[in-house]
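Structure first, then comments.
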Amino acid sequence: MFFFLFLAWNVVFKIPMNKKPTGFSSIVAFWQASGSYNENDNSAKTDFSSSSNIYKSAWLDDWDVRSFSAVRLSAYKNNIEVAYIVFDSMGKTKNEWLDCADIIDSSYTDVASATRNYCEMTGSTSTLSRHFFVNNEYDGCPNDKGWFVLKDYNAQQGCAEWDVVTAQPYFLYSADSTKVTWSTAWDMVFKGVQGVVPPQGGLRQLWQGTDTLNNNNPSAQTLTRSPSLVYKSINVEKWQSVPGFFIESVKYAMFNNGKEVGFSIYDGRDTDKNGWFVDARILYSRWTDIKGYTKVGSSIDGDNIRRFALWKEHGGCPNDKAWMAILDSSDNGFHCTWDRLSTSHSISRPYFLYSNKRTWALCESGGAWNSAEFPTAETLAIFIKGWRMVMKVAHGQSVSPASGVYNLWTGTYTVNEFDSNALTISAGTKTYKSSVVDSWNNNHHISAVRIGFYKNGAEQAYVVFDAHGSDKNNWFDCNRILYTSFSDLNRNTGTSHCSVVGDSGHSRRFFLEKSYGGCGGDNGWFTVVEGTACAWEQKTSRPYFAYTSSGSSQVNDIMDNCNPNPCQNGGTCYDEGMDFTCTCSGSWIGERCADLNGGWSNWGSWAGCSATCGPGTWSRTRTCTNPSPVGAGSSCSGGSSQSTGCNLGVCIPDIDGGWGNWGSWSSCPVTCGTGQRTRTRNCDNPAQSGKGQDCQGPYSDALTCTLSPCAVDGAWGDWTAWTTCTKTCGTGKQVRSRACNNPAAAYGGVPCTGDTSQTLDCNTQGCPGCGTGMYLCTDGTCAIGGRCDGVTMCPDGSDEAGCSQAVLSLSLGYTNNNLQRPDPEEAGGTSMIGE
């Protein structure tokens, strides 16, 4: 029940489930149009049961003048309000008030603050027709979340998990105090909790073993860590052996705080409890790229280190890429950083890793666990979704007490309801009809019906119909088709017959026919054959069932099992009524001669030795291409490679050289003065080998040593220049000298030998103007004595001027380093002054 109230809560609009207003294309069009509906029917606005009438008040046409202050959007069930949201409508038009920015009250604690991708009257796209839609997020149909939605009757699309398309309006609401995941079609069969070790030692051992765990404890089936209980249902061990139940899909998911953070959904048909977890069976996933890659280690066993693994690539720890994996408590592999979180981050095994992107994630970043993109989850769970058999008829088997398949379904019969042999899909087994069929609407809440055709235990074709609001016959209506194995069939496909009744004149029941064209041109998808009008209805004993196995509609006459020839590659077809057999030509095998066993090619040449020195191997390979296996053909048996030993001599290892210890210092090489002591070392610790590097640095070292100074013998320096002649006439003297300083004698060395000075006569000619023993002074006078004799006799001192100390020191007048004039008397001479 879905309706609106205004303060003080007057009902102005109400739509019961599965009821449509006459003359309108949708509920939202009905709301937007002017005019009232059942305005004078008081029960229409006071009765909130599903059987009540539609109601629309004339007040809606006066919206702009009545100034409504608030609108209450409510959901009722069994005449009780079960959810509501109140909006501030001041200043808003009739079509604008549904705005989550204006929420003022609600039965939901999170609707005003949480993120929303829709909060509007017209809601999602026109083909989805999700109206009056208050939704949290789209995350793939099984994970869509929200609070409130009206699924309008004009919808053309929807999610099979939660808003299937019907010809009637219906309403979904969160029955919790917060948003919910709309889909509720999955049954949990297994759950692991991070850090909780099952008694079997590991989650893989629990799953693959026969034990159940907490099977009868509903509290173990929470999606949160609490109450820390691992769970395994008995249905894991029964899997496809539960009589009358057929698993269609398997969901593998991880959760944090009860919120799903990653999942992949697999085709679970015709598998055992382990066989569904393979790449080829992935139907869809949280990760947009998961179906586009060839994966490694993706299985329950994984790579024997990471279990329940969805692994993209093993590229060495820094380049490993993955979507999901478990590090189980029973394993001890520690190859990479994320394998040892129990020691590096105190995260106990088992723990669960997932990509929190929309694609694969790198498991490692910067040499450490990439916790930002490949974090842990609190719980993992495995769910199943399937179908429960309500009727089955095998080819050629009795349908007694009914007169035929159609009569069995429409009549009030229950046949072999508790016979497990009848609850299988094997050929030749008993007919089955459940009591559910004849009590269709008695609280069974049937949401969908699947009609399927099986052969050799495997489903060959199917159509799934929406059964909401249906009875046991009218669900078979092409306007109710949800999905099908036929690529050209949907609810918009034109058909001539699509019902349980079918073509009653020709007794073609459960008949889905595209068109009639005469027996040879009849074209359709399937039927239960109970008539005999055409040759294709006369193939074999009754009951039998004609269907197209091509994936699309076919001319019914093509249901001649050998026309066209289904046997491939030259096989010969033999029609056996409802079936056919193929006799294959050559090496082809299989039901349709479409399979070929592989054969080995010739061995290739031996490759070079794998080692450049020491022991290695020669190898050669062959391929399974002569022929390559085709279809279900087996691969070649035996190995694809051979090897034999080779040895190219002793390997010289590549070793970098290392210096040994320094040797002792040498003795000082001199007995006096300064010398150098030396020491050396060898590149032998270890010695360089092969392509290793030589030692780096000096081979030798030196140290200065200093002893007592050595004795130095004296040696003469150069002679000085001769001095000026002491006289200009009358024989003077020249003197030169040298010093013992080249070098000077030191430290006990031998002094120089020889004279320190030399003299030489000069200017021996007589002096003019003065007598013997007289000196001609500069002033022209004559004075007693001579030049540079240490006694100044000339009045102008010219006789002694410019004389060197060396000459003077040898003169008689030079005493005590002072020049003194000799007493004339003592000199024995007289002073004469010329006039």
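Note that Cβ sites are derived from N, Cα and C of the backbone, with glycine treated the same way.
Sequence-distant neighbours of CYS584 (disulfide bond) (same chain, 6+ residues apart, CB-CB distance under 8 A): CYS567, ASN569, GLY570, GLY571, GLY590, CYS593. Residues annotated as disulfide bond in TrEMBL: CYS584-CYS593 (among others).
As annotated by TrEMBL, disulfide bond applies to CYS770-CYS782 (among others).
Long-range Cβ contacts of CYS788 (disulfide bond) within its own chain (separation 6+, distance under 8 Å): THR726, LYS727, GLY732, LYS733, ASP799, GLU800, CYS803, SER804, VAL807, LEU808, SER811. As annotated by TrEMBL, disulfide bond applies to CYS788-CYS803 (among others).
Sequence annotations record features per position, and here TrEMBL assigns domain 'EGF-like' to 558-594.
According to TrEMBL, the feature region 'Disordered' maps to 815-835.
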Per-residue Cβ crowding (10 Å cut-off), top of disulfide-bonded residues CYS593, CYS770, CYS803: CYS593
Number of other Cβ atoms within 10 Å of the Cβ of CYS782 (disulfide bond) across all protein chains: 18
